[in-house]
Amino acid sequence: MQITRVGIGYDIHRLVSGKLLFLGGVSIDFQKGLEGHSDADVLIHAICDAILGAIGEEDLGSFFPDTDLNNKNRPSCEFLSSVMNIARKKGYSIVNLDCVVIAEEPKIKSHKKEIIKSLADIMGIGIDKINVKGKTKEKLGEVGAGDAIETYVVAMVSAMQ
Ligand SMILES: [Zn+2]
């Protein structure tokens, strides 16, 4: 019997000067970058948590703690490859991902295709399984002031059981 399961992921990172901006494994030309222990790829982190949630595992932080020096400045695409390996080992494949990136700037729309292609390559799945939507926060709060980027991701997985 085929079963499907769903998981949700959320993340937020502060935007600061002097850091590179990575979204979905893509280096984006912008005057600020995200602050965090790894490369702070706020989209990949939420995707990892959504998949881990869907397959009934602990969150990303428990697999790759920020107290571990090995994870310092580590590219988040490595986390996502590992999460995909965990999912595949348990017999799961990705049905689809729906992602929301909330940022006042940069505009996600112009980077969307590149981000989807990058995620599909890292995850080894088709681009038709990934959807990325860019939203602003209508100038409200920290995200609206351009001080942070926030992400929400829903992942659906399936397995034969
Ligand atoms: Zn994060």
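Our numbering is plain: 1 for the first residue shown, then up by one each step along the chain.
Cβ atoms are placed via backbone N, Cα and C, with glycine included.
Remember, TrEMBL labels are computer predictions, not curated facts.
The feature domain '2-C-methyl-D-erythritol 2,4-cyclodiphosphate synthase' is assigned by TrEMBL to 5-157.
The number of other CB atoms found within 10 A of the CB of His45 (divalent metal cation binding site), across every protein chain shown, is 28. As annotated by TrEMBL, divalent metal cation binding site applies to Asp11, His13, His45.
Cβ contacts within 10 Å of Asp11 (divalent metal cation binding site), excluding its own Cβ and spanning all protein chains shown: 23. Residues or ranges marked as 4-CDP-2-C-methyl-D-erythritol 2-phosphate binding site in TrEMBL: Asp11, Ile12, His13, His37, Ser38, Asp59, Leu60, Gly61, Phe64, Pro65, Asp66, Thr67, Asp68.
The site 'Transition state stabilizer' feature in TrEMBL is assigned to His37 (among others). For His37 (site 'Transition state stabilizer'), the Cβ neighbour count at a 10 Å cut-off comes to 16, with all displayed protein chains included. His37 (site 'Transition state stabilizer') carries neither a helix nor a strand DSSP state and counts as coil.
Close to Thr136 (site 'Transition state stabilizer') in the fold, though at least 6 residues off in sequence, lie Ile102, Ala103, Glu104, Gly144, each with a CB less than 8 Å from its CB. Among the features that TrEMBL reports, site 'Transition state stabilizer' is placed at Thr136 (among others).
Between Phe64 (4-CDP-2-C-methyl-D-erythritol 2-phosphate binding site) and His13 (divalent metal cation binding site), the C-alpha separation comes to 17 Å.
When the recorded positions His37, Ser38, Leu60, Asp66, Asp68, Thr136 are checked against ligand 1, none has a Cβ within less than 6 Å of one of its atoms.
Taking the Cβ of His13 (divalent metal cation binding site) as centre and 10 Å as the limit, one finds 20 other Cβ atoms among all the protein chains shown.
According to DSSP, Asp66 (4-CDP-2-C-methyl-D-erythritol 2-phosphate binding site) is assigned to coil rather than to any helix or strand.
Cα of Asp11 (divalent metal cation binding site) to Cα of Leu60 (4-CDP-2-C-methyl-D-erythritol 2-phosphate binding site): a span of 11 Å.
Shown are the binding-site residues Phe64, Asp66; the one with the most C-beta atoms within 10 angstroms of its own C-beta is Phe64.
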